[in-house]
Every structure is written in C-alpha cells, then in structure tokens.
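Accompanying notes for the structure given below.
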C-alpha cells in the first residue's frame, strides 16, 4: 500500500507539472498571437472580437443544451443562433452608423439601412419571437421557456460586452490593449504568486485561489499597467481614435494626441517629497488613469472569474469547453475580460469624455 501511494504521488506530480508546462507554453503562444493581431490593425481586432464572441456564445448554449437535455426541443438551436444574428445586426449597425457616417452617406443602400436600422432590428427580433411562440410544445413548455431565458441571458452577457469592447477600440487602441493586458497580467501574476507563496484560501468558489496570489497579483498589475501606459502613450498608433477615410476606403489612426497622452509635470505631495527628495515628476495623465484601470482589473475583475466558477459548479462541469488544452474553453479565458470591458466603457464615458 505504501509503495502504491508513493507511485500515485509521483504520477500525480508528473501530471501536475505537465499541465503547468502546457498552460505556460500555450499562454506564451496566445500572448504572441495577441501582439500579432494588434500589429495587423483594427479590422483584424474587430474580426477577432466577433469570433471570440461567437465561440463564447456557442460554449454557453451547448452547456444549456446538455444540462437541460434539450435534444427534443424543436428549433431551440436554430432560434438561439437566429437571435445571436439579430442582436449582432443591431449592435454592429449602430457602430457603423456612429463611426462610418461618411461611408453610409455615400452608399444609397446603407442610407436606407441606417435610416430604418432600429425598426429593421426590431422586426427581425419580432420574427424570432413569433417563431419561438409557434414552436411551443405542450409537454415541453417549462423547458422551452428555460432555454429561451438561457439564450437571452447569454446574449446579454456575451454580445453586449463584446460590443463595448469594440466601442473602446474605436476610442483608441490603447483603450483596448491596456485593459485586456491588465487582466492577462493579473491572471498570470496571481497564478504565480499563488503557486509559489499561496497558503491562505481566498474564496470557496475557487479553492485554488489564495490571498497571497490575490494581493501579489494586485501590486504586480498596477506596476505593469503603469509601465505599459507609459510605453503606449508615446505612439499615435495606439492613442488616436480609429477613424475611417472615405477617400482611401481605409481606417486611419492619425490625430493630435489629446491632453491625457501629453507629458505633464506634477508636483508631488509634501510627504513624498520629504521621503524621495523629489519635488516634481513627469507623467502622462493616462498613467494615472491606468492605476484605476489596474485596480479594478485586480480587485473587482477576478469576480468575473469567481462568477464563472460558481456557474460551472452549479452545472457540475470543469470547463466551458476543451478548446484550449490546459485552459478549457474560450469563455474560461474571457470570463474577466467582459467585466473589464464594461468598466472601461463606463470609465471613458464618465471621466474621459
């Protein structure tokens, strides 16, 4: 028995380190891919966001399909994807009208679609609603309404947030890159601090999360966000709003940087002056904003992950899917990103504009 226990521990340790190795390699690959996508420009980023949104929707809908044994429900999957198309048509139509006004005014068909966009969107949704009512079957009433609600909550969580990600992107790529990078950094650093120093459990929903990882991740992320903000604030490519040039039919990222991306001199508080012997410091104002973004991403952002953990525990599943070896599904990687995207959008509207 003792020999079996020793062998079992060795095997368990081997698979543990193998899993860490797989996670590490794939994490580096995803980070490299992220930088490559940024280099390819706004159009590629929009397409990636849309692809991620569709995959996340598919993963959550599939869980509902399996958990509630919805195999006999008429039209459930068809209607779920139809509603996804309707909601995307509405949100992306709004984006086109807001940011591509010159293109819309130039093309007659687009003028018609823009003028009646909300009515068309409502009509499309209404058609889906009527199809759902017509598909109701006596022995499946309750289950069909469960799945109708499941679809709409998924749309609210996934599609709405991805739309906000794209709106943040149009404000300037820095508003897209920094929040996403903050969440990635916090996830990695909290994992590393928890792995090497973790002793105190943080929350029952995620037994592997520790206070040491949570606190270490916070300080690391604030420093990382501050440095990243400094580096990106120097380049027009990152700080200028994404515009559309109707003459060249292409995106443009050129502007006179706004004040928050212009180096300014700040007088330090007296207590810090006495300690560091510095009276002033030169900073980009965006670096100060990055502290608030980093703080949210480190202190509140993880609750998106805790929410996802509770969701998975409720339905007795380990991951949303098996898309990425060692990481689970796409939704497992983006559970905190959606919360961060919403905060960034609200932050821009409240404190920047």
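Residue positions begin at 1 at the first shown residue.
Every residue, even glycine, has its Cβ placed from backbone N, Cα and C.
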Tell me which range among 95-117, 210-232 TrEMBL lists as transmembrane segment. 210-232
Residues sitting near the transmembrane segment (20-52): Cβ under 8 Å, six or more positions beyond its termini, same chain? 88, 162, 165-166, 169-170, 173, 176-177, 180, 184, 188, 195, 242, 251, 253, 324-327, 330, 333-334
Can at least 3 Cβ pairs under 8 A be found between the transmembrane segment (172-198) and the transmembrane segment (119-137), with each pair 6 or more apart in sequence? no
Under a criterion of three or more Cβ pairs within a distance under 8 Å and sequence separation of at least 6, are the transmembrane segment (73-92) and the transmembrane segment (144-166) in contact? yes
Cβ pairs under 8 Å with the transmembrane segment (144-166): which stretch of 119-137, 210-232, 286-308 has the most? 119-137
